[in-house]
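As given in TrEMBL:
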DOMAIN    155-248  domain 'Receptor L-domain'
SIGNAL    1-22  signal peptide
Amino acid sequence: MKNPFLLAILIVTSHCLDFNESEFFKSKCGLADFTISYNPKMEEIGMTNLTTIKCSLIDIHGNEELKKLNIPNLNYASPSAENLEANKTGIEINIDSEKYGFCITSVEMYNFINIENVNLKKLGGGICEPGIQPSSGKLCNASHNVDEETEIQDGCTQMFGKVVINPKNVQNVQKLSSVEIIFGVLYIENTNLTTIDFLQNLKYISALGYGYPAITVQNNPYLSNFSFPNLKRIKNNGESSVVFTNNTQEFILDPKYCSFFEDQLGQGGWEKPKFDGNSCYTLIQEANTRPPYKFAKNLDLIIVVLFMSIAQIL
């Protein structure tokens with residue numbers, strides 16, 4: 001009889017490369033979960049033919065020697081018919097390993113992050129180096145350190161590493177318009193930019209294992225706006241997913257910028273964005289205690305004009 005709560009795979013060999021039944025999990029989950037756990041000798045999952053899972057939870061944990069997944073073709077997951085009938089429409093992914101150096105390839109991460117209605121609740125480790133060229137598009141290497149500017153190339157759809165924009169390469173930022181995913185972080189510092197509008201095709205940022213926020217924007221004295229029209233998901237394992245520091249006051253006075261990341265991208269909890277050290281909640285509370293921002297700006301202009309008029313009279 002099928003266990004309605006758990007479909008567990010307990011494998012005690014070093015890998016399960018011989019598991020070639022790619023159709024198995026298309027129909028077998030029911031109300032169960034896809035779980036691989038507590039296999040002390042497993043070094044990789046090795047389900048290279050697995051393409052589809054119809055389960056609401058993909059849970060891989062407690063495999064203390066797990067170095068990598070090796071499930072490069074898993075590119076579709078959806079709830080089973082039984083889960084849909086039970087109003088479980090989302091997919092939750094929990095993957096972790098106690099093994100130092102455990103990593104997920106850029107191809108696997110791309111597949112996970114593209115799953116519709118996915119909640120990447122926990123992804124341990126980092127992204128395996130080097131990045132793997134996708135079957136379509138172009139992967140380009142970014143910087144290793146945040147103090148060295150990225151050599152920005154034409155036609156990149158994926159960036160691997162720290163995408164660093166500073167005064168030395170800011171004139172080339174329009175070349176980033178083709179980028180769809182960053183396996184690393186976006187780091188913009190000390191530029192004369194007035195807006196960030198050159199990443200219109202960016203959909204995902206995966207900053208696993210980098211120890212930095214997924215997005216850092218700091219010390220840009222003229223920057224007062226940004227636009228990420230296609231950004232769908234950010235994933236990192238740092239404290240804050242997004243940090244804006246020491247740019248114009250526009251980002252502090254108008255909480256919509258912070259709320260974009262928190263509300264539309266679901267960056268809550270410990271991943272909450274910070275703007276000059278403030279949470280979105282703090283910015284909203286402060287905004288509610290002063291006149292509307294546009295009114296305040298107009299009032300400043302009126303005061304300036306009034307002083308000029310008085311000076312002319314005198």
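Backbone N, Cα and C define each Cβ position, glycine as well.
A TrEMBL annotation is a machine prediction, not a hand-curated record.
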Local confidence of the prediction over the domain 'Receptor L-domain' (155-248), expressed as mean pLDDT: 94
Number of helical, extended and coil residues in the domain 'Receptor L-domain' (155-248), per DSSP: 9 helix, 35 strand, 50 coil
